[in-house]
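Peer 1: Take a look at this one; I'll ask things after.
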Amino acid sequence: MSKILIVAEHLNGQLNASTAKCVTAAGKLSPEAIDILVLAADAAGIAAQAAQIAGVSRVLTVERAENAQSLSAVLAPQVAKAAAGYSHVFGPSTTFGKDLMPRVAALLGVPQVSDLMEVVDAQTFKRPVYAGNAIVTVSAPAGAIVATVRTASFPAAAEGGGASVEALSLDVALPTHTRFVELKAGKSDRPDLQTASRVVSGGRALGSADSFRIIYSLADKLGAGVGASRAAVDAGYVPNDMQVGQTGKIIAPELYIAIGISGAIQHLTGIKDAGTIVAINKDAEAPIFEIADFGLVGDLFTLVPELEAALG
Amino acid sequence: MKILVGYKRVVDYNVRIQVKPDSSGVVTEGVKLSPNPFDEIALEEALRLREKGIASEVVVATIAPADAQAHLRNGLAMGANRAIHVVTDEVVQPLTAARILLKLIEKEQPGLVLLGKQAIDDDANQTGQMLAALWDRPQATFASEIVVDGQVARVTREVDAGLETIEIDLPAVVTTDLRLNEPRFIKLPDIMKAKSKPLETIALADLGVEAAAGLTASHYAAPAKRSKGVMVKDVAELVAALKAKGLV
Ligand SMILES: Cc1cc2nc3c(=O)[nH]c(=O)nc-3n(C[C@H](O)[C@H](O)[C@H](O)COP(=O)(O)OP(=O)(O)OC[C@H]3O[C@@H](n4cnc5c(N)ncnc54)[C@H](O)[C@@H]3O)c2cc1C
């Protein structure tokens, strides 16, 4: 029987929704136990949130001043130590998990399954390669199985659990060669791009940071999160954390509206699991229309304000 | 300071990937191969650090079959001083790649190792982090800015929440994100010059690296296709369609 340890992702005392998605993925193995590991300077509040996720057996906390920031060089030896006795160690396929989990796998001397999107059995999983243009079924060798979970492939586990919270003391020396300086977080009152049920994205066609305002305005009308293509980020219209795609965020909103985005493979990888895709583009031949559920050809600078007005 | 750059050859990002009819892999015969875009960014950054006088030598390394010499010449033409070709016909997975790169580190003693954050074939995003763990040195992944100041580097990282800056002691592993720089174009005279630059080949078997137990790939499939939808003629029709689906 499997015993699964999930590394909790959190920021400013808030548990990230990716953790509950990892719990759903873990549940697919019908494991004997799913435990969540919270590494923090002050773990109580985060642990309380984790304990509410249905299906979780125990929440294990490691409180150390060094855990105030998520530095993988500091966290990895602790996760590797805590992994003893577990058949699987999961983290989310977010920048947090992508940075941390391979370091854990290397310390354990095992390979990693990146972007786990489907559980076949306890050793066998599906994952995307080539920007999602092929799906490969892989089996892990004997030993602990370390994986990052593609969060867009799994809904968040429900609340209503009542896991016990236990403090863990790990005897591990931590390095001082890696130090946190600062985090410049894009402040936004809008729904989080990774969990929003509706997302409006803009591309290169917007032409400037200033023009991007019509995207925000439409998004606000819909209560949507805002995303962008790489071209729009590279051009400086919006910050990097808004990039959707192979090398940005992989998202699965119920509604995705792509505006002035051509639909390059690398962008489409990020939205394949969206419920309904709407595309607005002046080029009727744009590849985005190949995968859009609803396509509208025309000039975005006319159509977007019109759409916003039509939404009442 | 010497910089070691990982420089992988992959299927070009513009190629439309096809799964083989027998599901054993994707078609790589006859398709265009190119340097991994993130590795080109890593090499470009190394060259800029050399041009600033921070690095004295840039060494590109690849782990690939014997026919990858032209690929390495490409890296030399871009401006690397030397190249190392670890020759193997096997597909090398990230943990083994990290063990191989660690051997090269022991040999070369670089002050900085620059790798792409992921290779666009297996999209694993693991090798740099694994290498840093095995080397017991700092890692700074997804870099969009690197400032080297003596024995310390300040690296800005593209993370989900925004931009994170960390300080790391050197030597260390840094992996590159897309916005770190724009790689230069190779000019014809550079291609000529590259022909006489040193290119060392080492058979993987001679490195004394134990291959890690890896993942076994059993089946490749094309992703579930989204069916082509409908074109609407105007905004009113779009809103009606979205309303019918309960989406707005
Ligand atoms: C290794 C690698 C990784 C990458 N990762 C990503 C990634 O994660 N995410 C990503 O998005 N891209 C990524 N890319 C880049 C990708 O290949 C494309 O270059 C990018 O997605 C293009 O952005 P775009 O659609 O906004 O711009 P363009 O391709 O330039 O498209 C602009 C579109 O706007 C339309 N348009 C112009 N004016 C108007 C108007 N007035 N009204 C309506 N429509 C208009 C045009 O018809 C066109 O279709 C990656 C590339 C590489 C090589």
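Cβ atoms here come from the backbone N, Cα and C positions, even for glycine.
Just so you know, TrEMBL annotations are computer predictions that nobody has curated.
Quick paste from TrEMBL:
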type	residues	note
DOMAIN	A:4-184	domain 'Electron transfer flavoprotein alpha/beta-subunit N-terminal'
BINDING	A:Arg204, A:229-230, A:243-247, A:260-267, A:Asn281	FAD binding site
Peer 1: Look at each of the binding-site residues, A:Arg204, A:His267, and point out the one with the fewest other Cβ atoms around it within 10 Å.
Peer 2: A:Arg204
Peer 1: Name the secondary structure element type, per DSSP in three states, that contains A:Gln243 (FAD binding site).
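Peer 2: Its secondary structure by DSSP: strand.
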Peer 1: Counting other Cβ atoms within 10 Å of each residue's Cβ, which of the binding-site residues A:Ile261, A:Ala264 comes out lowest?
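Peer 2: Counting other Cβ atoms within 10 Å of each of the binding-site residues A:Ile261, A:Ala264 gives the minimum at A:Ala264.
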Peer 1: Under 8 Å Cβ-Cβ to chain B, which of the binding-site residues A:Arg204, A:Ile261, A:Ala264, A:His267?
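Peer 2: Sorted by position along the sequence, the hits amount to none.
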Peer 1: On a count of neighbouring CB atoms within 10 A, which of the binding-site residues A:Gln243, A:Gln246 is highest?
Peer 2: A:Gln243
Peer 1: Check the domain 'Electron transfer flavoprotein alpha/beta-subunit N-terminal' (A:4-184) for me and report the mean pLDDT.
Peer 2: 97
Peer 1: Could you say whether, by DSSP, A:Ala264 (FAD binding site) belongs to a helix, a strand or a coil region?
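Peer 2: Assignment for A:Ala264 (FAD binding site) reads coil.
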Peer 1: Kindly assign A:Arg204 (FAD binding site) to one of the three DSSP-derived states: helix, strand or coil.
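Peer 2: In three-state terms, A:Arg204 (FAD binding site) counts as helix.
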